[in-house]
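Let me begin by presenting the structure, written as structure tokens, before commenting on it.
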Amino acid sequence: MVNLCNLLLKYDHFSKVEDDIFIYIDRVLENASEIYVRQQKAKRELECLEDQLAEKQKQSNRCVLPVPRSPVKRRKVQSLDSPLSAQKENVSILEDSTIFPNKSDSDVSAKLELNILDSEEPFFALTQSPPPAAAPQSPSPRAILSPRNVSKTSPLRPMQLLFPEENKSEKKPLLRESRFGKSVKLLESSSVVAEKSNTPTTPKTTPNGKWTGKNANATIETSNTDHTPPSGLKRFLSLADSNQRFRQVKLNFPRQTKQSPMNEPEHNSVNDTLFSDFVVPTPPSVANKSKFLKSLRMKKQSTLISRAQDDKPGTKGGSDETSSSTAASNERQPMFPNDNDDDDIDQTYCPGVESTSKLSKGLSFKIKQEPESQQKERIPLKVPSNKKLECLSDHILGVGEDSESNEIIVLPAPSQQSVISVAESQNATEIFISELNGENAKRMDAVTIETNPSNVPRVNRELGELSGSVKPYTRGYEQPSPQGLCIDCTMLYQYHTTRGVSNDTARSKLPRNCRNCRVAQLHSTPPGFWDPDFLPTPE
């Protein structure tokens, strides 16, 4: 009730609680106390029962007779003095597992089977384990007054050894050593071999064959294809008995006259006239020269294609094709003053250029020029005017309309540049973002647009276009990932390019000597690897 009063004081502000709930709580507490009292009473009764049970068990242990040993065990012990006929009767009664406990053990069972015993030897008893010692029982007055009426067993004789041969090292062992277990060292160290080596012997003639394992006096048998060699135990024993049984024997296969290589007709020499049209370039590693001479020769080769024809316009064997090609190259030169290094890349590969240094200078060489239809079209560089330099955004839009190729934007000196300040109005940021997107689209390669469907800008037409004031900046799916970069460097590169940084600046911000980038460059194919212009061409 004290607890109930405390509860009432604690929850006094719950005025709407009815009195029935307190009556219910009181009944629950009374039931719990009654259960506790009954549990204590049951524990006391259980302890009394356990004490009575322990006393009864002690009394029963005093009265219980000791279990005598089984008659089979008794017969086993008495079989030491019994004759052989009694042993055989005992064996017939019992099972194999009780007689031979070690039957599953292969080593023990093999020795037991091979051991031939005398008829008087107690074989049956020797294979059995000794009887277990009886547990000491509590002394009782009855045991002292009247002893048990059990027949006394005769004292056991000491057990004889089952294998007495193991102790005597002079005698020959019961199990002979296997034929294949003999080691060469034992044979060499034996006294018989030493005696044989001392006696003078005539040298035996050894067979000439490299792999022959036959004896010298044995006749060489010719192989017969109609008769198969004997297989089975006979052949195995004959191989095992020989001294050189493990050496490989050379197989004599009869050579058939039809398939012999000596009788094959000589094929006519292959006609090489068809292959003379195609010249395969010799790799530079064939010539045994130093690396410095190789590099000099490669420099001569690169200059010879583009400039040698301009220096010698009047060569003896110069054809109309070479003169027209030199004229075409002279016309193109003023338009591209800085493209001299790029000229010999676009020329058709000439395999004869490598051997020009060995020939005399008086001879003229015919170098195949690339046809005009296959040459790359070059668009002259448009230098922006001063008006366009003033407004950078107009210049970027104008270049995007005029040309499709990648252009170089020439910026004025930093003193002439005007500081570009981005206004806070929404329209100025939209123009800046659109210019960035246009510049990134121009850098994109045409091949990546066709092959990669993910590069196509995605337009969601179902939702309709958003209003001009809420247009977000779309992520540049159209930006091509730079070649030779790993995944982490590519993500970092895209992060810098989306911020509006130029490609070169974004490249400079990437970590140097990245191991993953080097691995990616090793496993990537160069862009012009499968270009047919660089493959060997006919003369």
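Glycine too: its Cβ is placed from the backbone N, Cα and C atoms.
Note that the structure is predicted; figures quoted are calculated from it, not measured.
Annotated features, as they stand in Swiss-Prot:
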- N31: N-linked glycosylation site (CARBOHYD)
- N90: N-linked glycosylation site (CARBOHYD)
- N102: N-linked glycosylation site (CARBOHYD)
- 126-153: region 'Disordered' (REGION)
- N149: N-linked glycosylation site (CARBOHYD)
- N167: N-linked glycosylation site (CARBOHYD)
- 192-215: compositional bias 'Low complexity' (COMPBIAS)
- 192-231: region 'Disordered' (REGION)
- 216-228: compositional bias 'Polar residues' (COMPBIAS)
- N217: N-linked glycosylation site (CARBOHYD)
- N271: N-linked glycosylation site (CARBOHYD)
- N288: N-linked glycosylation site (CARBOHYD)
- 303-355: region 'Disordered' (REGION)
- 320-332: compositional bias 'Polar residues' (COMPBIAS)
- N427: N-linked glycosylation site (CARBOHYD)
- N503: N-linked glycosylation site (CARBOHYD)
For N31 (N-linked glycosylation site), the number of other Cβ atoms found within 10 Å of its own Cβ: 10
C-beta crowding around N503 (N-linked glycosylation site), within 10 angstroms: 15
Inter-residue C-alpha distance, N31 (N-linked glycosylation site) and N503 (N-linked glycosylation site) (nearest angstrom): 85
Secondary structure at N503 (N-linked glycosylation site), reduced by DSSP to three states: helix
